[in-house]
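Here is the structure we will look at, set down as C-alpha coordinates.
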(Lines of atoms letter the chains of each structure in order from A and count residues from 1; the text may use other names and numbers.)
(Lines give C-alpha, C1' and ligand atoms only; values in the text may rest on other atoms or scores of the structure.)
Protein backbone atom coordinates (compact mmCIF):
# COMPACT_ATOMS: atom_id res chain seq x y z
CA UNK A 1 0.00 0.00 0.00
CA UNK A 2 1.27 3.48 -0.89
CA UNK A 3 2.01 5.64 2.15
CA UNK A 4 -0.88 8.12 2.52
CA UNK A 5 0.03 11.81 2.32
CA UNK A 6 -1.62 14.26 4.72
CA UNK A 7 -1.21 18.05 4.64
CA UNK A 8 -2.18 19.81 7.87
CA UNK A 9 -2.51 23.59 7.85
CA UNK A 10 -3.06 24.81 11.38
CA UNK A 11 -2.07 25.65 14.90
CA UNK A 12 0.96 24.66 16.93
CA UNK A 13 0.72 25.33 20.68
CA UNK A 14 2.35 24.48 23.95
CA UNK A 15 -0.29 23.07 26.30
CA UNK A 16 -0.10 24.08 29.96
CA UNK A 17 -2.24 21.44 31.65
CA UNK A 18 -3.48 21.33 35.24
CA UNK A 19 -5.33 18.38 36.78
CA UNK A 20 -7.78 18.83 39.67
CA UNK A 21 -10.81 17.12 41.19
CA UNK A 22 -13.10 19.56 39.45
CA UNK A 23 -12.95 22.60 37.21
CA UNK A 24 -13.37 25.80 39.26
CA UNK A 25 -16.41 28.05 38.95
CA UNK A 26 -16.05 31.75 38.16
CA UNK A 27 -14.14 33.48 40.96
CA UNK A 28 -13.22 30.19 42.65
CA UNK A 29 -9.75 28.77 43.37
CA UNK A 30 -9.20 25.01 43.64
CA UNK A 31 -6.06 23.05 44.44
CA UNK A 32 -4.66 20.98 41.59
CA UNK A 33 -3.16 17.50 41.72
CA UNK A 34 -0.51 17.87 39.01
CA UNK A 35 0.74 20.04 36.15
CA UNK A 36 2.27 19.19 32.77
CA UNK A 37 3.73 21.18 29.88
CA UNK A 38 3.15 19.21 26.67
CA UNK A 39 3.10 19.88 22.90
CA UNK A 40 -0.36 20.63 21.52
CA UNK A 41 -2.41 22.81 19.19
CA UNK A 42 -5.24 21.32 17.15
CA UNK A 43 -3.25 21.35 13.93
CA UNK A 44 -0.15 19.82 15.46
CA UNK A 45 -2.19 17.23 17.37
CA UNK A 46 -3.92 16.14 14.18
CA UNK A 47 -0.60 16.01 12.34
CA UNK A 48 0.98 13.84 15.04
CA UNK A 49 -2.08 11.58 15.14
CA UNK A 50 -1.83 10.99 11.39
CA UNK A 51 1.94 10.48 11.47
CA UNK A 52 1.72 7.84 14.21
CA UNK A 53 -0.81 5.98 12.10
CA UNK A 54 1.69 5.67 9.27
CA UNK A 55 0.99 8.71 7.10
CA UNK A 56 3.58 10.97 5.49
CA UNK A 57 2.62 14.29 7.08
CA UNK A 58 3.51 17.85 6.13
CA UNK A 59 2.65 20.61 8.63
CA UNK A 60 2.22 24.26 7.65
CA UNK A 61 2.12 26.81 10.48
CA UNK A 62 4.10 29.22 12.65
CA UNK A 63 5.85 29.26 16.01
CA UNK A 64 7.73 31.93 17.92
CA UNK A 65 11.47 32.38 18.17
CA UNK A 66 11.37 31.16 21.75
CA UNK A 67 11.95 28.08 23.87
CA UNK A 68 8.43 26.75 23.32
CA UNK A 69 8.92 27.09 19.56
CA UNK A 70 12.18 25.13 19.70
CA UNK A 71 10.56 22.40 21.75
CA UNK A 72 7.52 22.10 19.48
CA UNK A 73 9.57 21.83 16.29
CA UNK A 74 11.76 19.16 17.86
CA UNK A 75 8.68 17.26 18.98
CA UNK A 76 7.13 17.27 15.49
CA UNK A 77 10.38 16.09 13.97
CA UNK A 78 10.48 13.19 16.43
CA UNK A 79 7.25 11.99 14.81
CA UNK A 80 8.85 12.34 11.35
CA UNK A 81 6.63 15.26 10.35
CA UNK A 82 7.94 17.57 7.61
CA UNK A 83 8.36 20.96 9.32
CA UNK A 84 9.89 22.86 6.38
CA UNK A 85 6.62 24.82 6.08
CA UNK A 86 6.66 26.04 9.68
CA UNK A 87 8.01 29.57 9.95
CA UNK A 88 9.59 31.25 12.97
CA UNK A 89 8.23 34.68 13.93
CA UNK A 90 8.96 37.28 16.67
CA UNK A 91 5.48 36.79 18.18
CA UNK A 92 5.41 34.33 21.08
CA UNK A 93 4.47 30.72 20.41
CA UNK A 94 0.79 29.91 20.91
CA UNK A 95 -0.27 28.39 24.22
CA UNK A 96 -3.35 26.59 25.53
CA UNK A 97 -4.33 26.75 29.20
CA UNK A 98 -6.13 23.49 29.98
CA UNK A 99 -7.92 22.42 33.16
CA UNK A 100 -8.83 18.71 33.43
CA UNK A 101 -11.12 17.30 36.14
CA UNK A 102 -11.13 13.82 37.67
CA UNK A 103 -13.66 12.57 35.10
CA UNK A 104 -11.45 13.62 32.20
CA UNK A 105 -13.57 16.63 31.21
CA UNK A 106 -11.69 19.76 30.28
CA UNK A 107 -11.89 23.54 29.95
CA UNK A 108 -9.51 25.23 27.51
CA UNK A 109 -8.37 28.80 26.78
CA UNK A 110 -6.16 29.23 23.70
CA UNK A 111 -3.84 32.22 23.19
CA UNK A 112 -2.98 31.99 19.44
CA UNK A 113 0.24 34.02 19.43
CA UNK A 114 2.39 33.00 16.45
CA UNK A 115 -0.44 30.95 14.96
CA UNK A 116 -2.02 34.17 13.70
CA UNK A 117 1.16 35.02 11.77
CA UNK A 118 0.64 32.38 9.06
CA UNK A 119 -0.60 34.24 5.97
CA UNK A 120 -2.12 33.72 2.54
CA UNK A 121 1.27 34.63 1.03
CA UNK A 122 2.89 31.84 3.05
CA UNK A 123 0.49 29.30 1.58
CA UNK A 124 1.18 30.56 -1.94
CA UNK A 125 4.87 30.02 -1.27
CA UNK A 126 4.17 26.48 -0.04
CA UNK A 127 1.61 25.66 -2.77
CA UNK A 128 3.52 22.60 -4.00
CA UNK A 129 2.47 20.81 -0.82
CA UNK A 130 -1.15 20.98 -1.99
CA UNK A 131 -0.13 19.28 -5.23
CA UNK A 132 1.58 16.28 -3.64
CA UNK A 133 -0.76 15.45 -0.74
CA UNK A 134 -3.74 13.06 -0.70
CA UNK A 135 -5.87 14.89 1.88
CA UNK A 136 -5.87 18.42 3.35
CA UNK A 137 -6.79 18.89 7.03
CA UNK A 138 -7.88 22.28 8.43
CA UNK A 139 -9.12 23.74 11.74
CA UNK A 140 -9.94 27.25 13.01
CA UNK A 141 -7.00 28.26 15.23
CA UNK A 142 -5.32 30.28 12.45
CA UNK A 143 -6.66 33.35 10.56
CA UNK A 144 -9.87 32.84 8.57
CA UNK A 145 -8.30 34.42 5.46
CA UNK A 146 -5.47 31.89 5.62
CA UNK A 147 -7.93 29.00 5.94
CA UNK A 148 -9.85 30.39 2.96
CA UNK A 149 -6.63 30.39 0.93
CA UNK A 150 -5.95 26.80 1.96
CA UNK A 151 -9.44 25.80 0.81
CA UNK A 152 -8.98 27.51 -2.55
CA UNK A 153 -5.59 25.82 -3.11
CA UNK A 154 -7.08 22.45 -2.18
CA UNK A 155 -9.90 22.94 -4.68
CA UNK A 156 -7.46 24.14 -7.34
CA UNK A 157 -5.46 20.93 -7.05
CA UNK A 158 -8.43 18.61 -6.59
CA UNK A 159 -7.66 17.54 -3.03
CA UNK A 160 -10.35 16.46 -0.54
CA UNK A 161 -10.75 18.79 2.44
CA UNK A 162 -11.46 17.80 6.03
CA UNK A 163 -12.49 20.84 8.09
CA UNK A 164 -12.70 20.58 11.86
CA UNK A 165 -14.63 23.80 12.74
CA UNK A 166 -13.01 24.32 16.14
CA UNK A 167 -12.92 26.52 18.11
CA UNK A 168 -16.62 26.99 17.37
CA UNK A 169 -17.40 30.09 15.33
CA UNK A 170 -19.56 31.09 12.34
CA UNK A 171 -18.10 30.12 8.96
CA UNK A 172 -18.27 31.83 5.55
CA UNK A 173 -21.25 30.20 3.81
CA UNK A 174 -19.31 29.67 0.58
CA UNK A 175 -16.97 27.23 2.34
CA UNK A 176 -19.64 24.57 2.64
CA UNK A 177 -19.72 23.89 -1.10
CA UNK A 178 -15.96 23.27 -1.09
CA UNK A 179 -15.45 21.29 2.12
CA UNK A 180 -15.75 17.56 1.47
CA UNK A 181 -15.97 16.48 5.12
CA UNK A 182 -17.13 18.86 7.85
CA UNK A 183 -16.32 17.31 11.24
CA UNK A 184 -17.75 19.29 14.20
CA UNK A 185 -18.68 18.11 17.65
CA UNK A 186 -22.28 18.55 18.82
CA UNK A 187 -21.77 22.08 20.15
CA UNK A 188 -20.00 23.22 16.97
CA UNK A 189 -22.67 21.65 14.76
CA UNK A 190 -25.43 23.54 16.56
CA UNK A 191 -23.54 26.84 16.24
CA UNK A 192 -23.24 26.22 12.49
CA UNK A 193 -27.00 25.78 12.20
CA UNK A 194 -27.36 22.04 12.60
CA UNK A 195 -29.67 20.49 15.19
CA UNK A 196 -29.88 16.82 16.19
CA UNK A 197 -33.61 17.38 16.69
CA UNK A 198 -34.11 17.64 12.92
CA UNK A 199 -31.28 15.26 11.94
CA UNK A 200 -28.98 18.20 11.05
CA UNK A 201 -31.13 18.64 7.94
CA UNK A 202 -30.05 22.23 7.20
CA UNK A 203 -26.34 21.71 7.67
CA UNK A 204 -26.10 18.39 5.85
CA UNK A 205 -27.66 19.93 2.74
CA UNK A 206 -24.91 22.53 2.57
CA UNK A 207 -21.83 20.31 2.95
CA UNK A 208 -20.29 19.04 -0.28
CA UNK A 209 -19.98 15.40 0.79
CA UNK A 210 -20.54 14.39 4.42
CA UNK A 211 -21.28 16.03 7.75
CA UNK A 212 -19.67 13.98 10.51
CA UNK A 213 -20.71 14.96 14.04
CA UNK A 214 -18.62 13.56 16.89
CA UNK A 215 -20.78 13.05 19.99
CA UNK A 216 -18.41 11.69 22.63
CA UNK A 217 -19.65 8.54 24.33
CA UNK A 218 -22.83 8.70 22.18
CA UNK A 219 -20.77 7.91 19.09
CA UNK A 220 -20.62 9.60 15.69
CA UNK A 221 -23.36 10.71 13.30
CA UNK A 222 -22.60 10.54 9.57
CA UNK A 223 -25.02 12.69 7.58
CA UNK A 224 -25.01 13.10 3.81
CA UNK A 225 -27.62 14.82 1.66
CA UNK A 226 -29.55 11.55 1.31
CA UNK A 227 -29.00 9.49 4.47
CA UNK A 228 -27.90 9.51 8.09
CA UNK A 229 -26.02 6.77 9.96
CA UNK A 230 -25.08 6.56 13.63
CA UNK A 231 -21.85 4.77 14.57
CA UNK A 232 -21.62 3.85 18.28
CA UNK A 233 -18.62 4.72 20.42
CA UNK A 234 -16.19 2.20 21.86
CA UNK A 235 -16.70 1.69 25.60
CA UNK A 236 -13.50 2.66 27.39
CA UNK A 237 -12.36 4.17 30.69
CA UNK A 238 -11.91 7.93 30.24
CA UNK A 239 -8.87 9.65 31.75
CA UNK A 240 -8.50 12.81 29.62
CA UNK A 241 -10.57 13.89 26.60
CA UNK A 242 -8.27 16.77 25.57
CA UNK A 243 -7.08 15.17 22.32
CA UNK A 244 -10.09 12.99 21.50
CA UNK A 245 -11.35 15.19 18.68
CA UNK A 246 -7.89 15.65 17.19
CA UNK A 247 -7.19 11.92 17.42
CA UNK A 248 -10.43 11.31 15.52
CA UNK A 249 -9.49 13.79 12.78
CA UNK A 250 -6.03 12.24 12.40
CA UNK A 251 -7.48 8.75 12.14
CA UNK A 252 -10.23 9.83 9.75
CA UNK A 253 -7.78 11.61 7.44
CA UNK A 254 -5.47 8.60 7.23
CA UNK A 255 -8.34 6.20 6.58
CA UNK A 256 -9.69 8.41 3.77
CA UNK A 257 -6.21 8.72 2.25
CA UNK A 258 -6.05 4.92 2.31
CA UNK A 259 -9.27 4.90 0.27
CA UNK A 260 -11.52 3.53 3.00
CA UNK A 261 -15.21 4.36 2.75
CA UNK A 262 -16.62 7.04 5.03
CA UNK A 263 -18.26 4.62 7.50
CA UNK A 264 -15.12 2.48 7.76
CA UNK A 265 -13.02 5.63 8.15
CA UNK A 266 -15.27 6.76 11.02
CA UNK A 267 -14.95 3.38 12.75
CA UNK A 268 -11.16 3.51 12.44
CA UNK A 269 -11.07 7.11 13.70
CA UNK A 270 -13.32 6.19 16.62
CA UNK A 271 -10.81 3.55 17.71
CA UNK A 272 -7.99 6.11 17.57
CA UNK A 273 -10.05 8.51 19.70
CA UNK A 274 -11.00 5.77 22.17
CA UNK A 275 -7.35 4.95 22.78
CA UNK A 276 -6.46 8.63 23.23
CA UNK A 277 -8.94 9.24 26.06
CA UNK A 278 -7.30 6.51 28.14
CA UNK A 279 -4.13 8.56 28.63
CA UNK A 280 -3.28 12.01 29.95
CA UNK A 281 -2.27 14.89 27.69
CA UNK A 282 -2.72 15.82 24.05
CA UNK A 283 0.05 14.45 21.84
CA UNK A 284 1.23 12.18 24.64
CA UNK A 285 -2.09 10.32 24.41
CA UNK A 286 -2.07 9.70 20.65
CA UNK A 287 -1.68 6.02 19.72
CA UNK A 288 0.49 4.30 17.12
CA UNK A 289 -0.88 2.21 14.25
CA UNK A 290 -0.24 -1.19 15.82
CA UNK A 291 -2.01 -0.13 19.02
CA UNK A 292 -5.06 0.83 16.97
CA UNK A 293 -5.04 -2.40 14.97
CA UNK A 294 -4.77 -4.44 18.17
CA UNK A 295 -7.58 -2.44 19.78
CA UNK A 296 -9.90 -2.93 16.81
CA UNK A 297 -9.12 -6.64 16.81
CA UNK A 298 -10.11 -6.93 20.46
CA UNK A 299 -13.18 -4.68 20.54
CA UNK A 300 -16.48 -4.56 18.72
CA UNK A 301 -18.73 -1.57 18.10
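Every residue, even glycine, has its Cβ placed from backbone N, Cα and C.
Whatever TrEMBL says is automated annotation, not expert-curated.
The domain 'Carbohydrate kinase PfkB' feature in TrEMBL is assigned to 6-287.
The feature substrate binding site is assigned by TrEMBL to 13, 14, 15, 41, 42, 43, 44, 45, 141, 246. Counted within 10 Å of its Cβ, the other Cβ atoms near residue 42 (substrate binding site) come to 29, all protein chains included. The DSSP secondary structure for residue 42 (substrate binding site) is helix.
Taking the Cβ of residue 246 (ATP binding site) as reference, residues of its chain lying under 8 Å away and at least six apart in sequence are, in sequence order, 42, 45, 46, 49, 164, 276, 282, 286. The secondary structure of residue 246 (ATP binding site), as reduced to three states from DSSP, is helical. Marked as ATP binding site by TrEMBL: 185, 214, 215, 216, 217, 218, 219, 245, 246.
A 10 Å cutoff on Cβ-Cβ distances gives residue 240 (K(+) binding site) a total of 24 other Cβ atoms nearby, all chains included. Residues or ranges marked as K(+) binding site in TrEMBL: 240, 242, 276, 279, 281, 285.
The feature active site, proton acceptor is assigned by TrEMBL to 246.
The binding-site residues shown are 215, 217, 219; of these, the one with its CA atom nearest the CA of residue 240 (K(+) binding site) is 217. Residue density at residue 276 (K(+) binding site): 30 other Cβ atoms are found within 10 A of its Cβ, drawing on all protein chains shown. Those same-chain residues not listed among 13, 14, 15, 41, 42, 43, 44, 45, 141, 246 yet with C-beta within 8 angstroms of the centroid of the substrate site C-beta atoms are 10, 11, 12, 39, 40, 94, 96, 282.
For the pair formed by residue 285 (K(+) binding site) and residue 15 (substrate binding site), distance between Cα atoms is given as 13 Å, rounded to the nearest Å.
Other C-beta atoms found within 10 angstroms of the C-beta of residue 215 (ATP binding site) number 16, with every protein chain shown included.
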